[in-house]
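*Asks:* Handing you a structure now.
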Amino acid sequence: MKCSISFGFLLILVLPLILASAQDGKYERAAYHDNYEGAVQKDQDHEGQYQDQEKGPAKYDKNYEKERMPAQNDQNYDQEDDHAPSMEISTLLDNLPSDDLLSFGYYSKSCPKAESIINKHVTKWVEEDRTLAASLLRDATVLLGGPYWDVPYGRKDGKVSNDKDAELVPMGRENITTLIEFYQSNGLNVLDLVVLSGAHTIGRATCGSLQYRLYNYAGTGRQDESLDYRYANFLKRKCRWASEYVDLDATTPRTFDNVYYKNLQDKKGLLHTDQSLYSDSRTSPIVDVLADAPSDFFNHQFAVSMTKLGNILVPAVQDGGEIRTKCYSVNSNY
């Protein structure tokens, strides 16, 4: 068995949680409900202004990012304010209050080496303490309002690693059958699939990963009909550039809760694999249960599934395996 599958699989599912930062463990809730009706009215009042949305996303302009950075990000429907955690390690500090806010490239002129120095030391700490990455994942979840679970240390992985194995992880456009088969092949079940997908209650995705849903879904030249049309209109305004980021959870992007599943009920799943959970009869009943039950129910099951995820692909006894110094490479390389 190869470690690269399980490690990449874990990152695909829960990387947004690792990279969410906390300020005294407190997060403001998104202003989605306060602004949603306003967004609808804005669509109606400015229908002509946005009539070019159907033409597709704008072409990339290399000067565009320079003009925007670090002035602002725009998110949460029509509210032009975004402190949501990104999926890049350089944006760990983006979730601090505005007076403490640092953005990517903040020190690019005054101290160009600052970010590389920070990255170097964080990497060093993770490599020196092999329990740190898994613990940070758990602790970040707790700080965001999620559950605590015990992290068993000393996991053994295979002595052979293959880069191609990492390509086997889901990429966001798979159908439910493919996802179920992938999970089952790794010792997980349909419940684990739906529960671990709930990690998308936190984090962001690039607009480039979803623009096809807005303009040319399945080669039809139209938007994905499984998207709420008002949500789709927001995404078209937000995602004019593939390099932009958008919250995976449009409603409470900075809180670990079960609202992700309520969004699926309302046709507001950002990724195809998200919304598909509610369109397939094998997974939709689980979505309904997780959406309608208190968040504590989701939190409990998430902890159970995360524990299972941490134990997948452990080598057979006869293989022996090894506790890796670096998760992404076998020890014989060092």
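Each residue, glycine too, has its Cβ placed from N, Cα and C.
Bear in mind that TrEMBL entries carry predicted annotations, made automatically and left uncurated.
According to TrEMBL:
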- 1-22: signal peptide (SIGNAL)
- 40-59: region 'Disordered' (REGION)
- 138-331: domain 'Plant heme peroxidase family profile' (DOMAIN)
- Pro170: substrate binding site (BINDING)
- His200: heme b binding site (BINDING)
- Thr201, Asp249, Thr252, Asp257: Ca(2+) binding site (BINDING)
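Show me how these features fit into the shown structure, please.
*Replies:* With a 10 A radius on its CB, Pro170 (substrate binding site) counts 18 other CB atoms from all the protein chains.
Classification of Asp249 (Ca(2+) binding site) by DSSP places it in coil, neither helical nor stranded.
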*Asks:* Which of these binding-site residues has the least crowded Cβ, counting other Cβ atoms within 10 Å: Thr201, Thr252?
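*Replies:* It is Thr252 that, of the binding-site residues Thr201, Thr252, has the fewest other Cβ atoms within 10 Å.
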*Asks:* Looking at Cβ-Cβ distances, which residues of the chain lie under 8 angstroms from Asp257 (Ca(2+) binding site) while being 6 or more apart from it?
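*Replies:* In sequence order, Gly145, Thr201, Ser295, Phe298 meet the Cβ cut-off.
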*Asks:* Check the Cα-Cα distances from His200 (heme b binding site) to the binding-site residues Pro170, Asp249, Thr252 and tell me which is shortest.
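*Replies:* Looking at Cα distances from His200 (heme b binding site), the smallest one goes to Asp249.
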*Asks:* Counting Cβ neighbours within 10 Å across all chains shown, tell me which of the binding-site residues His200, Asp249 comes out on top.
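*Replies:* Answer by Cβ density within 10 Å: Asp249.
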